[in-house]
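Here is the structure we will look at.
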Amino acid sequence: MLHERLSSVYDNVLRRNPGEIEFHQAVREVLESIGPVLGKDPEYAEHKIIERICEPERQIIFRVPWEDDQGEVHINRGFRVEFNSALGPYKGGLRFHPSVYLGIVKFLGFEQIFKNGLTGLPIGGGKGGSDFDPKGRSDREIMRFCQSFMTELYRHLGEYTDVPAGDIGVGGREIGYLFGQYKRITNRYESGVITGKGLTYGGAQVRTEATGYGCAFFVEEMLKARGTSFDGRRVVVSGAGNVAIYSIEKVQQLGGIVVACSDSSGYVVDEKGIDLDLLKQIKGVERRRLSAYAERRGTDATFVAGRSVWEVPCEVAMPSATENEITGKDAEAMVRGGCMAVGEGANMPTTPEGIRVFQEAGVSFGPGKAANAGGVATSALEMQQNASRDRWTFEFSERKLQEIMKDIHRRCLQTADEYGMPGDYVAGANIDGFKRVADAMLAMGLI
Ligand code: NDP
Ligand code: 2IT
């Protein structure tokens, strides 16, 4: 239910951003949580903080021409939405996927504002990407695309202005090409302009692992709050990319048994527990379909084509592929199958109906902007190391990440309690993230 004033804010968002359904969904979820804040503190409404937060500070759309290995010319569209810089430079990833359009970039950028606020670190919110499809492209095609993309984007970036990183379809390889082109065009070795860099040229320990590890740490805290742990628990992780792989790694280290994971072609069930080295080889190195995992693993694993991994029963679910992958129906089946905790490694992977089902069934539900904040938090640590020309050890960086995740978990619960919604991590995350950004905006006057 929306507070009366917020309902008119939402109607305005619908009117001003037609057809951008993922953006509408992300805005609505936040507006549904912050009603009680407006009741307590009328200043936010008086200064139209919410209305301002829903309007990006700047939206950039550009042409990305590039040539494939056969010499054919392709035109893609590039985006960067610089949403909010109240807390620091715009910060957020780049996504390369054919589904990318303005509505996806805006939903991700909007989520990023509150997520980055929740980390307690000095980073604003932004997101970008392209409708470029990297599947089946050679290394050289990827390089040419990244160079063309950066040739336009560089003018909007800067370590004090806007600092991209990876997301779907953008990993270490792409970040290398993007940074190389930025350095070449600007003639500046400005390490802090992009994060997720390789360890040989200014990257930080644990950034690659951070989103997955952080999500596992967050779920560990949720399980602790229920008086239990990962030990011996049956876990399903969707996706088989960066977030999924490092979620699986940390869950296994914490004693959980990951019995299934997925990619865009289907899912694999491996009752003895996913063989992570094999998964990294197939998806990370060879960039093949998940069916190749089952073929090489032999009789232990089964590949199921074209179906949702959420039909596999689990006690803990960590959706780590993409938005709206868990529907209300999936959630009902998961609850029947004994699911007690959900940690969103992906951004907005659960539909609003799905969230309702989980919360009504008493499942601990950790929303993406809290549970997957470890990635961007470690990006901020990378910026910190770049600014001081320092490098930290793996152990030190991982300890910092775990402290940040524990702190986010604690603050979600504390804020939810304060506003009379005990155990509601969605409300806690939205309210805490909102207040941090809103208070900074109030202090800066009408900007
Ligand atoms: P990757 O590109 O490394 O992996 C994405 C995985 O999800 C792949 O296995 C891919 O399948 C699958 N996938 C992607 N889109 C779809 C789709 N439309 N339908 C089915 N499967 C799909 O991306 P990341 O692991 O980095 O990102 C995963 C999620 O985590 C995203 O929601 C992202 O926004 C979020 N996230 C990422 C962070 C990061 O630091 N990277 C930080 C916080 C959140 P296939 O292999 O077949 O392409
Ligand atoms: O969704 C996300 O938080 C990311 N893709 C990571 C952003 C970042 O700047 O590290």
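Backbone N, Cα and C atoms are what each Cβ position is placed from, and that goes for glycine too.
Whatever TrEMBL says is automated annotation, not expert-curated.
According to TrEMBL, the substrate binding site annotation covers Lys91, Gln112, Lys115, Gly166, Ser379. Under 8 Å, Cβ to Cβ, and six or more positions away along its own chain, Gln112 (substrate binding site) finds Phe83, Lys91, Gly92, Gly125, Gly126, Lys127, Val376.
In the structure as shown, the Cβ atom of Lys127 (active site, proton donor) sits within 10 Å of 31 other Cβ atoms. As annotated by TrEMBL, active site, proton donor applies to Lys127.
Taken from TrEMBL, the feature site 'Important for catalysis' applies to Asp167. Non-local neighbourhood of Asp167 (site 'Important for catalysis'): Gly92, Gly93, Leu94, Arg95, Leu108, Lys127, Gly129, each in the same chain, at least six residues away, with C-beta under 8 Å from its C-beta.
Secondary structure at Asn242 (NAD(+) binding site), as computed by DSSP, is helix. Of all Cβ atoms in the shown protein chains, 25 besides its own fall within 10 Å of the Cβ of Asn242 (NAD(+) binding site). Look at TrEMBL and you will find Thr211, Asn242 tagged as NAD(+) binding site.
Listed recorded positions: Gly166, Asp167, Thr211, Asn242, Ser379. Those with a CB atom under 6 Å from ligand 1: Gly166, Asp167, Thr211, Asn242.
Checked against ligand 2, the recorded positions Lys91, Asp167, Asn242, Ser379 give Lys91, Asp167, Ser379 in sequence order as having a Cβ less than 6 Å away from one of its atoms. Summary of the substrate site environment: with the site residues Lys91, Gln112, Lys115, Gly166, Ser379 set aside, the chain residues having Cβ atoms within 8 Å of the Cβ mean position are Gly92, Gly93, Asn116, Ile123, Gly125, Lys127, Ala165, Thr195, Gly375, Val376. Neighbour count (other Cβ atoms within 10 Å of the Cβ, all protein chains): 32 for Thr211 (NAD(+) binding site).
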